[in-house]
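Below is one structure, written out as structure tokens; the observations come after it.
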Amino acid sequence: QEEPCATGPCCRRCKFKRAGKVCRVARGDWNDDYCTGKSCDCPKNPWNG
């Protein structure tokens, strides 16, 4: 069962977006960042330095 969330780039209608959903689009040499499915925050991609 999903935990509710109020706001954030990985929330939609008070639920977490699915894991793997892009939450921050790549810029320059950086890669996209993806939702984890467990948080409303958009975690930083570890490959982005």
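Just so you know, glycine gets a Cβ as well, placed from its N, Cα and C.
Of the listed residues Cys23, Cys35, Cys40, Cys23 is the one Swiss-Prot pairs with Cys42, by disulfide bond. Looking at the candidates Cys11, Cys14, Swiss-Prot gives Cys11 as the cysteine bonded to Cys40 by a disulfide.
Cα to Cα, Cys23 (disulfide bond) and Cys5 (disulfide bond) are separated by 15 Å. For Cys42 (disulfide bond) paired with Cys11 (disulfide bond), the C-alpha to C-alpha distance reads 10 Å.
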